[in-house]
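According to TrEMBL, the NADP(+) binding site annotation covers B:Gly10, B:Phe11, B:Gly12, B:Thr13, B:Val14, B:Gly15. According to TrEMBL, the feature domain 'Aspartate/homoserine dehydrogenase NAD-binding' maps to B:10-141. Taken from TrEMBL, the feature NADPH binding site applies to B:Lys117. For B:149-310, the entry in TrEMBL reads domain 'Homoserine dehydrogenase catalytic'. Residues or ranges marked as L-homoserine binding site by TrEMBL: B:Glu201. Look at TrEMBL and you will find B:Lys216 tagged as active site, proton donor.
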There are 2 protein chains.
Amino acid sequence: MREVKVSIFGFGTVGRALVEIISERPRVAGVEIRVESITDRSGTVWGDFDPLEAKEVKENIGRISALGDYDVYSFKPQELVEEIKPDILVDVSSWDGAFSMYEVALREGVSVVTSNKPPIAEHYDKLKELAEESKAGIYFESTVMAGTPIIGLLRENLLGENIEEILAVLNASTTFILTRMESGKSFDEAFKEAKSLGILEEDPSKDIDGIDAFYKAKILHWVAYGEPPEKTERVGIREVKDAKNVRLVARVSKGEINVKPRKLKENSPLLVSGVYNAAIIRMNNLGELVLKGKGGGGRVTASGVFTDIVKAALKFPSPR
Amino acid sequence: MREVKVSIFGFGTVGRALVEIISERPRVAGVEIRVESITDRSGTVWGDFDPLEAKEVKENIGRISALGDYDVYSFKPQELVEEIKPDILVDVSSWDGAFSMYEVALREGVSVVTSNKPPIAEHYDKLKELAEESKAGIYFESTVMAGTPIIGLLRENLLGENIEEILAVLNASTTFILTRMESGKSFDEAFKEAKSLGILEEDPSKDIDGIDAFYKAKILHWVAYGEPPEKTERVGIREVKDAKNVRLVARVSKGEINVKPRKLKENSPLLVSGVYNAAIIRMNNLGELVLKGKGGGGRVTASGVFTDIVKAALKFPSPR
């Protein structure tokens, strides 16, 4: 049993759910996963601590630095990897600037697992190059559709296919608002309800204006074509009047992505509700493939991160 | 670019479609795929021949031994690997006894890629053990749902999950008959139509009595749980009277598989038609995941075999 040391960066819902999943199955596929450090805004706990105790403390006191009897470090993110030297850096934060931290990690030969979208959407080419140079890996299943493995599907499977088009509903908050509008509410009423239920991002524009879905579409474009899109379009749901069978749909094809509200056919697999995401992948041999699953939630997102940790530990190749 | 030598065993629709796909993309993920030999019932062509020419000859004359200017060998299957020493043995035949050939291959450190169900359904534990001993790999994506990657999904993804249940429609021939019955035909009429269209296996009982779906369910059980099922049940579609919304459904849960006709809800993702297969995977964190795609056809099956060849070439780990 080979031990792999994991540094978890970010300790919100996903990070805490991840600690639970790791404690439920610490040994998998010949690998023993050891949580070496956890970082939140208050600092980094590092060493021989109990991750489940850290989770309790975070949930009860609100900051990991309150964990008693352990040294708490205040590393800068870029220092983290150099000080701790984990095998795998796991970013479950929502820090837009995490790219600089990944750079350091990959240069040091430390694999990166992340559920954080912007660094992948903006810098995948650079990260892939760094990973290839250092024989480390970069894994990001949960950036799109959370733990529903659309990245694994595209990156490690379907290798005899030209991906002709992907159509996908990737943002559950807009689905919530649109389905509320389908039952007769106005956009403003549905928006307020979503906000009060805590369904929206801190900056609701990321959901409503399609920014979140756009990042995800960009990541799918990277994985399907190995390059960034040349032509992009993004329209949110603010202007939707008749929401009947409308969902915020991302369309990805070679060189092009767009995100906009689309009226779907009654029997479309994209006509999802609740936290479900769905994707239709059109290909030259396989024709139409549909993948549908949950696209958010702590354990759902942490589950994809967990798979990625195992892949990183096993040095999984990424053929596409 | 590393060259991998592939021996193709079986040269029916799938084998010929595979040769097409390889010729369309001979270089992928740093690997150059070279067809070193092709075997059909008439013999083995081996060496510096053009696989597309072999395909032409097979289609026009019906046997690969008619390929001019090349030596044709009459190896026994067990001799094939020892004589040719390929990197990967690709079985796209329907030879029930192919296990003995895989044994030889794996013992020699030759990875096996197969779309042939019975050897995997019956002997997966033994094959996995041999593969682990020799550091070769055994890949079988196209045994279930053809190129629609349910094996990749279960074997290399969803690693943080307990697979609680899989419900799946895995046999398109019975779907054809049942949908014909839905439009008012009797079982006998629909059966005759399927037979005349060449949709059924040579021995139609394999479709009608659920034998094909049963093999597939058994393979899913192996992948999900690493052991064979203790309790099994198999009921075909001969006795179906009212076919409305009925499909032949395989159910897989820990220790148990059954295949039988089930009446589905109007909006069930399993209510497929044509060559589509569908699966619902129920898990502890991710809840319900749906995968739907084509489950048969030459290129559709060959596409999954192609992905497996790349995985075998890259020595892909199989964590589950």
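Cβ coordinates are placed from backbone N, Cα and C, and glycine is handled just like the others.
Automatic prediction, not curation, is the source of TrEMBL annotations.
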Per-region confidence, the domain 'Aspartate/homoserine dehydrogenase NAD-binding' (B:10-141) (mean pLDDT, whole number): 95
Which binding-site residues sit within 10 Å of B:Lys117 (NADPH binding site) - Cα, from B:Thr13, B:Val14, B:Gly15: none
NADP(+) site, defined by B:Gly10, B:Phe11, B:Gly12, B:Thr13, B:Val14, B:Gly15: further same-chain residues with Cβ within 8 Å of the Cβ centre: B:Arg16, B:Ala17, B:Leu18, B:Asp40, B:Val92, B:Ser93, B:Gly298
The domain 'Aspartate/homoserine dehydrogenase NAD-binding' (B:10-141) - residue tally per DSSP class, helix then strand then coil: 62 helix, 28 strand, 42 coil
Rounded inter-Cα distance in Å - B:Gly15 (NADP(+) binding site), B:Lys216 (active site, proton donor): 20
Nonlocal neighbours by CB distance (under 8 Å) for the residue listed as 'L-homoserine binding site', same chain, sequence gap 6 or more: B:Ser173, B:Asp207, B:Asp212
Subset of binding-site residues (B:Gly10, B:Thr13, B:Val14) lying within 10 A of B:Lys216 (active site, proton donor), CA to CA, in sequence order: none
Packing count at B:Lys117 (NADPH binding site) (other Cβ atoms within 10 Å of its Cβ): 22
Those residues of the chain, 6+ apart, with a Cβ under 8 Å from that of B:Thr13 (NADP(+) binding site): B:Gly298, B:Thr301
Conformational class of the residue listed as 'L-homoserine binding site' under the three-state DSSP mapping: coil
Most crowded position, judged by CB atoms within 10 A, among B:Gly10, B:Gly12, B:Gly15 as binding-site residues: B:Gly15
Cβ neighbours within the same chain of B:Val14 (NADP(+) binding site) - under 8 Å, at least six residues apart: B:Val92, B:Ser115, B:Ser142, B:Gly298, B:Thr301, B:Ala302, B:Val305
Tertiary neighbours of B:Phe11 (NADP(+) binding site) (same chain, Cβ under 8 Å, six or more apart): B:Ile38, B:Thr39, B:Asp40, B:Ala54, B:Lys55, B:Lys58, B:Ile64, B:Val92
